[in-house]
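**Q** Below: one structure in structure tokens.
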Amino acid sequence: MGFSGIWLNLYVVFGSLMVFERMVVMVVMKAQPLVPAIFIFGDSVVDVGNNNDIYTIVKANFPPYGRDFTTHTPTGRFCNGKLATDFTAENLGFKSYPQAYLSKKAKGKNLLIGANFASAASGYYDGTAKLYSAISLPQQLEHYKDYISRIQEIATSNNNSNASAIISNGIYIVSAGSSDFIQNYYINPLLYRDQSPDEFSDLLILSYSSFIQNLYSLGARRIGVTTLPPLGCLPAAITVVGPHEGGCSEKLNNDAISFNNKLNTTSQDLKRNLIGLNLVVFDIYQPLYDLATRPSEFGFAEARRACCGTGLLETSILCNPKSVGTCNNATEYVFWDGFHPTEAANKILADNLLVSGISLIS
């Protein structure tokens, strides 16, 4: 790394510390969260249990999932512990996490801090959710509309709560797209024989744009959307496609980069066209790529294999109590299963979100 590169890294580090210190001071002074609520939409990266009670094989409500969570029990999170959005909620000053909207806990005062509508195996492409009987983004939006109708009454019964403020001042997080490629496009001849990855990306971007506009029409003004991760660095992808230079699949990573470029361009267009919209693109690609290709620099011992089972492919029902070879210490691993980061990796990703998302709360 050159001298200028070192200074750039130092600048980023100190900048991050200053932002974090500012947020801590704000939380302490207010003695309450920096925003009234968090609303989460997307796929398995942010699902906290909506798939638990629907008819789908894509679940994570059994061991060893959740073994390192605060309750040491599976919740439906595709992780050994906390998700990046859980850490984000903590960083913003919340003492609890937004509940899965389909869970029994999603009622009364619990809904005053927002809700999680995400569903594993969902995506921007409706066919992805349909393939796995997951909750599509349009369906998630319908659940959000139901939330809006419920929160008015709940807020009225709590004198310190204002329903309109919850909606307009809350932060909305959208994380989707990975399942569209990994769990659909790359394995579906009806798609990859008919469309190039670039053409498929265009379809996803159209869906993304429509979703953001619909959220905006319902009152959302502070929205953060994540980029695709380095798809070619996911252990399951490496197992199926094979590694290339740097240990990751260059082809899959290039597909992710192409999509992310379109996501950034479209997001800028949306900000220009929708008055008052604060839309931030969270770069997940680079920080996770750094973890996957230089794990030792971040305190990890393994990034090619996941913790669960053999670490080559297992996820969801294939990552279960009978999976042979599951690691004892997930903090040494970047990935928990074939597709999802460990809690330790999620903490690092959340710290990156903290810096890039400061404009959403200021």
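Here the Cβ of each residue, glycine as well, is placed from N, Cα and C on the backbone.
Annotation comment: Swiss-Prot describes 1-28 as signal peptide, evidence class sequence analysis. The annotation active site, nucleophile is assigned in Swiss-Prot to S44 on the grounds of similarity to another entry. For N159, N162, N264, N329, the entry in Swiss-Prot reads N-linked glycosylation site. Residues or ranges marked as active site by Swiss-Prot on the basis of similarity to another entry: D337, H340.
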**Q** Drop a 10 Å sphere on every Cβ of the recorded positions S44, N159, N162, N264 and tell me which sphere holds the fewest other Cβ atoms.
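**A** The recorded positions S44, N159, N162, N264 were compared, and N159 has the fewest Cβ atoms within 10 Å.
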**Q** Find the shortest Cα-Cα separation between D337 (active site) and the glycosylation sites N159, N264, N329, and name the residue that gives it.
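**A** So, spelling it out, the nearest of the glycosylation sites is N329.
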**Q** Give the distance between the Cα atoms of N329 (N-linked glycosylation site) and N162 (N-linked glycosylation site), rounded to the nearest whole Å.
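**A** Distance between the two Cα atoms comes out at 44 Å.
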**Q** At the level of the C-alpha atoms, what whole-angstrom distance separates N264 (N-linked glycosylation site) and H340 (active site)?
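**A** N264 (N-linked glycosylation site) to H340 (active site), Cα-Cα distance: 23 Å.
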**Q** What is the interatomic distance between the Cα atoms of N162 (N-linked glycosylation site) and the residue listed as 'active site, nucleophile', given in whole Å?
**A** 31
**Q** To the nearest Å, how far is the Cα of S44 (active site, nucleophile) from the Cα of H340 (active site)?
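**A** Per the Cα atoms, S44 (active site, nucleophile) and H340 (active site) stand 8 Å apart.
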